[in-house]
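Trainee: So TrEMBL has the following annotated:
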TRANSMEM  26-45  transmembrane segment
TRANSMEM  88-108  transmembrane segment
TRANSMEM  115-136  transmembrane segment
TRANSMEM  142-158  transmembrane segment
TRANSMEM  170-196  transmembrane segment
TRANSMEM  208-230  transmembrane segment
TRANSMEM  265-282  transmembrane segment
TRANSMEM  294-314  transmembrane segment
TRANSMEM  326-343  transmembrane segment
TRANSMEM  350-372  transmembrane segment
Amino acid sequence: MNKLFCECKEIFYTCRELALEYKKQFLILLSVYLLAFSAIIRANYSYVDDMGRAYAGYHGWLDWSRWTTEILATFVHAQWHLTDISPLPQILACIIMAAGGILLLHIFKKNCRVGFWNITAAALTGLAPFFLGIIVYKFDSPYMALSFLASVFPFLFYKKSQKSFVLTSVFCLLIMCTTYQASSGIYPLIALFLVLEDLKSGISIKKTLPFIGVSASCYFISLGIFWFLLMRPNGVSITSPIMLIPHMVSRYIAYYKIICYDFTPLWLLLVFVIVIIFLYLVCKTTSASKISALFLGILTVLIGSALCFGAYLFISEDAYDTRCMYGFNVLLTLMAVYISYHAKYWITKTVYTALTWCFLVFSLTFGNALALQQEYLDYRITLVANDLSHLDFMGTDEMKNIRIEGNIGPAPAIKNMSETYHFLEKEIFSGFSEGFWGVYYFYHYFNIPNIEVISDGEGDEYQNLPLINDTMYHTIRGDGHSVLITLK
């Protein structure tokens, strides 16, 4: 018990020293995030299940075995019944991401000073587009951000104390698993880049094996504990051994097709140049032969490009949501951080800084697009509600079954933006369409009396209802008992 107390005490003192050492850098990075996500916070857009939590106050995270999220949310909201307390959760997410970014810089800095160029590299963890699928959630975002911090934190001790490293690794990886499993690739990704640092510095493979073995053991032990003891059945399973490799390859290709489609040509060009500069600097700064260093660099990029998606490469269920691909942000960041510490000339560092700037601009664009969508959503629902209010049978006390078909789609201005930013096309949730979440806002937030929205089934029986109203935005069919609204 005394040994455990001493280890915990050492961890505490290390954290305190780092907080004092990097407070300026932390505040700068936090300011960047708050600026980048200010438009998202201002938009106040209830994104998918944010609507349900704000209306009904439920948790729902245990469906995905997010035990830590379930517990922390109760404390953050100061009660079991959740209410919308934004922007506090999103500000907390920015604080957590800034802390994680600074820790990442500290882990790789060696004898360097953490300055402007390093901070712009670390900013990619939050500014690259896949984090937008996290920060947009008003209820989930701080706990998803915590999964990143938990994946980084153990590496503060990987050369200080093996006991502290093991203790924090197992504990933090369990935190990661019970907050957001999409971050499951971050821990091995960081370990991979640390091994690269050692090998190119002339440390033999034999001497790196203990670190590889310990970190791999901690990783698989933690995932095993989660899988067998903490994970609740939800239909998600590992792909069968026979199909594992083909499934991984297929999922890997699918992820990078999405990246190539979502990223603009300029973003893709800058990412490509970052990879080239990274490989060049690995060769230039190595103590081994240039050919060996190039091989190590290429191997690191290839393995890292798969590791960044973590367990999602192996699961049977499709997982192509933007936030599921968040690990790619960290891969970009690690290459940028390497460049920031090893490049001698500032011109080289402007490449990843340009990418950081592009992503900051896009984050503001995304937030303002959400505000446009909210205005368009309220306008379209108001039109439907107004037309319904003029129907005689809607004034009766009898319950009416209403079915919604179609989709209002993105606001006209967002459609134009999507020609440049394909990412907007899929990431902007329209808020009014067929399906459970598509009708939720209309059904629960506009106080239309005596209706029940039907969101399941084929709805063929509704197609023969008499036409009541046909406008440029929607058609309404109904008979006094059932109503079909087809959105255009």
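Yeah, the Cβs are placed from backbone N, Cα and C, and that goes for glycine too.
Tell me about the surroundings of these features in the structure.
Mentor: For the transmembrane segment (26-45), the list of distant contacts is 19, 86-87, 90-91, 94-95, 97-99, 101-102, 119, 122-123, 126-127, 132, 135-136, 359-360, 363-368, 370-371, 373-374: same-chain residues at least six beyond its ends, Cβ to Cβ under 8 Å.
Residues of the same chain lying 6 or more positions beyond the ends of the transmembrane segment (88-108) and with a Cβ under 8 Å from any Cβ of it are 18, 22, 25-26, 29-30, 33-34, 37, 40-41, 76, 114, 118-119, 121-123, 125-126, 131, 134-135, 138-142, 144-146, 148-149, 152-153, 155-156, 190, 193-194, 197, 333-334, 337-338, 341.
Same-chain residues lying 6+ beyond the ends of the transmembrane segment (142-158) with a Cβ under 8 Å from its Cβ atoms: 11, 14, 18, 61, 66, 68-69, 72-73, 76, 89-90, 92-94, 96-97, 99-100, 103-104, 106-107, 125, 134-135, 164-165, 168-169, 172-173, 175-176, 179-183, 186-187, 190-191, 194, 211, 215, 218, 323, 326, 330.
A Cβ distance under 8 Å defines the sequence-distant neighbours of the transmembrane segment (326-343), meaning residues of its chain 6+ beyond its ends; these are 101, 104-105, 108-110, 112, 117-118, 120-122, 124-126, 128, 130-131, 133-134, 144, 148, 182-186, 189-190, 193, 255, 259, 271, 274-275, 277-278, 281-282, 284-285, 301, 304-305, 307-310, 349, 351-352, 355-356.
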Trainee: Which listed stretch (115-136, 170-196, 208-230, 265-282, 294-314) has the most C-beta pairs under 8 A with the transmembrane segment (350-372)?
Mentor: 115-136
Trainee: By a Cβ-Cβ criterion of under 8 Å, what residues six or more beyond either terminus of the transmembrane segment (115-136) are in contact with it?
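Mentor: Long-range Cβ neighbours of the transmembrane segment (115-136): 25, 28-29, 32-33, 36-37, 40, 45, 47, 90, 93-94, 97-98, 100-102, 104-105, 109, 144-145, 148, 180, 262-263, 321-326, 328-330, 332-333, 336-337, 339-341, 346, 349, 352-353, 355-356, 359-360, 362-363, 366, 370, 423, 427.
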